[in-house]
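*Asks:* Got a structure for you, written out below as structure tokens; questions coming shortly.
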Amino acid sequence: MNITILSKETIKPLAPTPHHHKYYKVSLLDQFAPSSYMPFIFFYPNKFADRDAAGILTQLKESLSQILTIYYPLAGRVKDTVYVECNDEGVEFIEAQANGSLSDFLKQPDIAALNNFLPRNGNGLEKGCSISPVAIKATVFECSGIVLGVCIFHKVVDAAAAGEFLQSWAKIGRGSKETVELPNFTSASSLFPPRESLSSKFVRDFDNFFFQGSKSFMRRFVFDATAITTLRTKATSEKVPNPSRVEALMEFVVQHLSTAFKTAKSETPETLMITHPVNLRKRIEPPLPDSTFGNVIWLAFAFYDCDPSETKIKPGDVVERVREAFAALDKESISELETDDAFTSLSELLESVYTNEKIKIYRFTSTCNMGFYDVDFGWGKPVWVAHMGNMVDYRCKQQIVFMETGHMSKDIELWLAAEEDELSVLEKNAEFLAYATPNPTIWLDSDGTN
């Protein structure tokens with residue numbers, strides 16, 4: 001597959017941002033977010049014999065200009081750790097052409113090629129004094145199938161807010177009569193005021209926690225609904241009789257990844273550290289609306305002390321620790337996040353973890369139930385929403401992402417970034433493969449014509 005860039009242009013808001021909105025104040029939680037782009041890749045087959053690809057690209061750009069008037073911080077530039085300058089500099093929009101058929105690509109998805117659909121490096125450490133919060137790349141196949149690659153800067157929004165933005169853009173794009181809900185730009189920074197300055201040591205420790213210099217390779221696996229039900233049953237315990245889908249999958253993945261690590265490296269870590277971001281919008285009192293802009297998340301930290309004599313983590317052990325970590329983020333602990341004590345504790349934790357080679361970190365996240373399969377611009381919902389390909393320079397190591405597989409589907413995709421020797425062991429593990437299908441075909445709807 002060859003992709004040729006045809007044009008690059010900057011899409012600016014349809015109307016100028018008012019002067020009193022020139023600076024968007026970030027929150028403390030934004031400051032704690034990774035300095036990287038979140039990648040999302042949407043695949044839209046051609047369902048119409050007379051599809052006008054050029055007209056669709058124009059529609060995308062015009063609707064983007066309209067939504068940027070509402071989501072004006074995304075058309076600005078991240079200038080420092082406290083503010084986004086809402087200067088209407090705009091969003092880069094790249095048009096590209098791919099040879100071949102989209103359906104052929106989806107029959108056997110080339111994970112390593114996915115980065116070609118993105119306008120930026122996904123999940124890489126970004127440094128600079130003027131970072132664009134959003135970048136778009138639209139790639140049209142010869143069959144008029146379209147792939148939309150979106151990169152959104154994590155220090156401005158979390159995945160839930162990104163989903164709200166993309167669904168709102170799609171509503172305008174398809175001419176929906178539904179009202180686009182106005183984003184709430186003030187609640188997050190009011191509840192969690194930013195620190196006017198962050199020490200260089202904290203920034204360094206934070207970057208070292210999330211980003212490491214080794215190359216990570218991406219793999220995609222799919223757990224069908226039957227497999228997930230079985231794994232939930234296996235993960236039950238007296239303390240957690242009803243593990244969620246994500247909790248059960250987290251335990252299963254940690255069980256087999258830790259085994260793969262021990263086999264590949266011939267060593268056993270002393271402790272496993274398992275993290276997962278938690279959406280705080282509904283945990284805050286009173287709850288915040290889904291339209292709350294920014295990062296309104298906090299990491300849940302779970303720890304598992306390894307026993308060298310154990311060949312495998314016992315069923316239910318990881319789920320219990322993860323459930324306790326989630327439960328610890330209650331109203332009281334959330335209210336204390338902006339205190340000096342909490343800041344000091346986080347700083348000490350980050351430093352102790354990244355400097356201790358005996359701690360193995362598994363960083364989980366999930367985009368399930370965030371509406372990414374509802375991003376319909378008028379030519380149907382995407383048949384696939386993908387993550388990204390391999391991570392080359394300063395990428396998040398041991399990144400584990402759960403994603404939905406389609407609209408109304410009960411299956412879950414696992415996107416796993418790890419070192420090649422660990423992945424090689426995992427891909428030969430019959431017990432793991434009994435539940436996880438490696439990179440299956442993406443099936444088009446029955447009326448897909450490409």
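Using the three backbone atoms N, Cα and C, a Cβ is placed for every residue, glycine included.
Annotated active site, proton acceptor per Swiss-Prot: HIS154, ASP376, in sequence order. Residues or ranges marked as motif 'Nuclear localization signal' in Swiss-Prot: 218-225.
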*Asks:* Measuring Cα to Cα, how many Å separate HIS154 (active site, proton acceptor) from ASP376 (active site, proton acceptor)?
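*Replies:* HIS154 (active site, proton acceptor) and ASP376 (active site, proton acceptor) have their Cα atoms 23 Å apart.
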*Asks:* Judged by the number of other CB atoms within 10 angstroms, which among HIS154, ASP376 is the least packed of the active-site residues?
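*Replies:* Each of the active-site residues HIS154, ASP376 was scored by Cβ atoms within 10 Å; lowest is ASP376.
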*Asks:* Using DSSP with the three-state reduction, classify ASP376 (active site, proton acceptor) as helix, strand or coil.
*Replies:* coil
*Asks:* According to DSSP, does HIS154 (active site, proton acceptor) fall in a helix, a strand, or coil?
*Replies:* coil
*Asks:* In the motif 'Nuclear localization signal' (218-225), how many residues does DSSP call helix, how many strand, and how many coil?
*Replies:* 1 helix, 6 strand, 1 coil
